[in-house]
Amino acid sequence: MAKTDYYELLGVSRGASADELKKAYRKLAMQYHPDRNPGDAAAEQKFKDINEAYDVLKDEQKRAAYDRFGHAAFENGGGPGAGGFGGGFGGFGGFEGGIGDIFEQMFGEAMGGRRGGRTERAGADLRAAVEIDLTQAFTGTKTEIRVPTRVSCDACSGTGSADKSAANDTCPTCGGAGRVRAQQGFFVVERTCPTCGGAGRTVRNPCRVCSGAGTVPRERTLSVTIPAGVEDGTRIRLSGEGEAGGRGASPGDLYVHVSIRPHPIFQRDGANVFCRVPLRMAQAALGGEIEVPAIDGTRARVKIPAGTQTGDQFRLRGKGFSVLRSTARGDMYIQVAVETPQNLTKRQRELLEEFEREAGNTASGSPEHEGFFAKVKEFFDGL
């Protein structure tokens, strides 16, 4: 049976912050805790699943691996909480980076990884999150984000060398191969050399600013274009905007996770938009035309037929969201809610009482009411 997505288990978007994850986890853990549900096997299993999901998503390295490989990132270790994954992966000590790095180091070129023998270590991929309004998701928007990253060292022009030269020596750890082997029980595991980062050579005269790495930590401000029609949880890839690669290697990518704030008027379902509109009782009974707001900022007029009931829907074609990578558009649905008047004046009460007397003397006008009481009569007649 396929495992449930960890983000779905916790009820959060893929761009959820650490605080949002913790809040969601605490709420669900309290709800499904075995002490609160004694003898409930389903609640106990749910509690275990919630803990498993939070154990992965609260850890940046595990979360990055899960975002990339899904549940497959943990299958060989028997699960995210298994012993082989604890404390830097137990028996797999010496693997720098996260779970994703382990997969790349073990299977490297076969998986199409960027790291290979005798090449500099490519820059790490980065994650960022942005939150936008529903109206911004409709129109598309540009937003700026600040990202802590590593950039090319200005002092050595990214070469890692104090004299900006290409002078280097054969790496003493891997002998120039760029990869080293380690015995792990019955297996011999090959991984990227931790000394030279896979380049096979080390800088002869390291830069004092970056210690030969070719990169330094810095915060960057980037402009992100969010397309019209983007959905909650969408991941946008900015190629080459991740960390700079060591000593001239290719940079990583930046993945921006988009979350959308709830709107006070509109709700969204795919490309369609829904708006709940209150109607006075007389409006619903008599019919007429009403003016409603549309998500594009305009106003639309909708004809309401006489006898409209709560729950009736009216469609405005093409007034919904645009569909990504398509010319199609969704629709807007007006959902009616008929309101019962409160705090009546004396005159209003008199009119309603007169209306009720008239309604009681007529055989038509309330088909659902009449149908219900006809069924009640049949029920008692059959006793």
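Cβ coordinates are placed from backbone N, Cα and C, and glycine is handled just like the others.
Just so you know, the Cβ of C156 (Zn(2+) 1 binding site) picks up 26 other Cβ atoms within 10 Å once every protein chain is counted. Among the features that Swiss-Prot reports, Zn(2+) 1 binding site is placed at C153, C156, C207, C210.
The Zn(2+) 2 binding site annotation in Swiss-Prot covers C171, C174, C193, C196, and the record cites sequence analysis as its basis. Residue environment of C196 (Zn(2+) 2 binding site) contains 28 other Cβ atoms, counted within 10 Å of its Cβ in all protein chains.
In terms of DSSP secondary structure, the domain 'J' (5-70) contains 47 helix, 0 strand, 19 coil. Residues or ranges marked as domain 'J' in Swiss-Prot (evidence: sequence analysis): 5-70.
Summarising the annotation, Swiss-Prot assigns repeat 'CXXCXGXG motif' to 153-160 (among others). Under 8 Å from some Cβ of the repeat 'CXXCXGXG motif' (153-160) lie the Cβ atoms of residues 166, 203, 206-210, 212-216, 244, 246-248, all in the same chain and six or more residues away from its ends.
Each residue of the repeat 'CXXCXGXG motif' (171-178) gets a DSSP state, and the totals for helix, strand and coil are 0 helix, 0 strand, 8 coil. Swiss-Prot lists 171-178 (among others) with the feature repeat 'CXXCXGXG motif'.
Mean pLDDT across the repeat 'CXXCXGXG motif' (193-200) comes to 78 in this model. Residues or ranges marked as repeat 'CXXCXGXG motif' by Swiss-Prot: 193-200 (among others).
Outside the repeat 'CXXCXGXG motif' (207-214) by six or more residues, the chain places 120, 152-156, 158-162, 244-248 with a CB less than 8 A from a CB of the stretch. Residues or ranges marked as repeat 'CXXCXGXG motif' by Swiss-Prot: 207-214 (among others).
If you look up Swiss-Prot, you'll see 140-219 marked as zinc finger, on the strength of sequence analysis.
In the shown protein chains, 22 other C-beta atoms lie within 10 A of the C-beta of C174 (Zn(2+) 2 binding site). Distance noted between the C-alpha atoms of C171 (Zn(2+) 2 binding site) and C153 (Zn(2+) 1 binding site) is 22 Å. Proximity of C153 (Zn(2+) 1 binding site) to non-local residues of its own chain (separation of 6 or more, Cβ distance below 8 Å) is seen for G160, C207, V209, C210, A213, G214, T215, V216, given in sequence order. Secondary structure of the repeat 'CXXCXGXG motif' (207-214) per DSSP, as helix, strand and coil residue counts: 0 helix, 0 strand, 8 coil.
The Zn(2+) 2 site is set by C171, C174, C193, C196; from the centre of their CB atoms, other residues of the chain with a CB within 8 Å are P172, T173, G175, G176, A177, G178, R179, V180, P194, T195, G197, G198, A199, G200, R201, T202.
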